[in-house]
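Enquirer: In case it's useful when we look at the structure, here is the feature table from TrEMBL:
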type	residues	note
DOMAIN	28-176	domain 'Casparian strip membrane protein'
TRANSMEM	35-55	transmembrane segment
TRANSMEM	75-101	transmembrane segment
TRANSMEM	113-140	transmembrane segment
TRANSMEM	166-188	transmembrane segment
Amino acid sequence: MSTIIDVPETSRLIGKERTVPRPGGWKKGIAIMDFILRLGAIASALGAAATMATSDETLPFFTQFLQFEASYDSFSTFQFFVIVMAFVGGYLVLSLPFSIVTIIRPHAAGPRLFLIILDTVFLTLATSSGAAGAAIVYLAHNGNQDSNWLAICNQFGDFCQQISGAVVASFVAVVLLVLLIVLSAVALPNHQITHN
């Protein structure tokens, strides 16, 4: 009497050849891209914070005792912007070791999930500070006649160029954070549930 056991072909068997999975494959490529994008986001976020924090222009009128000054610390929105973008840049620096772990262990889900969650939190902060800064930059350039806000960029041109550049850099950081979240989500392992 002989017993025959029917074993179905697994997904690793193609025809009669056994395929050997590559160590990392495309997930390692995504992890390397994640690291590079993080470096770009760090530069953008810290550049935005530094540019805004150093924006200052003084206009002398009549005498040296009567001067008008435009500085980021004159606007609470810009103070918020500098603090948040510095926090975002600091977080991105601290997230680099986790990004390195995903390069070394491309199939590990824990570090990727951790990065997705924190990237989303800091994306929200960066977006809110960038939007708030953009609103004040718009008012500085165009003013608002209904609320008697005068446009100050005609007088404070260098100041307005710096704050505009800082806001643009913050939105570059926002776009890079969105790309980081998408990349991490794509690289997360998907577990298929099979029903018998």
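Every residue, even glycine, has its Cβ placed from backbone N, Cα and C.
TrEMBL does not curate its annotations; it predicts them automatically.
Give me the structural setting of these features: burial, nearby parts and distances.
Expert: Below 8 angstroms of C-beta separation, residues 31, 34-35, 38-39, 41-42, 45-46, 48-49, 52-53, 55, 108, 111, 114-115, 118-119, 122, 125-126, 128-130, 132-133, 135-136, 163, 166-167, 170, 173, 177 of the same chain, each at least six residues beyond the ends of the transmembrane segment (75-101), sit close to that stretch.
Nonlocal intrachain contacts for the transmembrane segment (113-140), taken as residues 6+ away from its ends with a CB within less than 8 angstroms of a stretch CB, comprise 34, 45, 52, 75, 77-78, 80-81, 84-85, 87-88, 91-92, 95, 98-99, 102, 149, 151-153, 156, 160, 163-164, 166-167, 170-171, 173-174, 177-178, 180-181, 184-185, 188.
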Enquirer: Per DSSP, how many helix, strand and coil residues does the domain 'Casparian strip membrane protein' (28-176) have?
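Expert: Reading the DSSP string over the domain 'Casparian strip membrane protein' (28-176) gives 112 helix, 17 strand, 20 coil.
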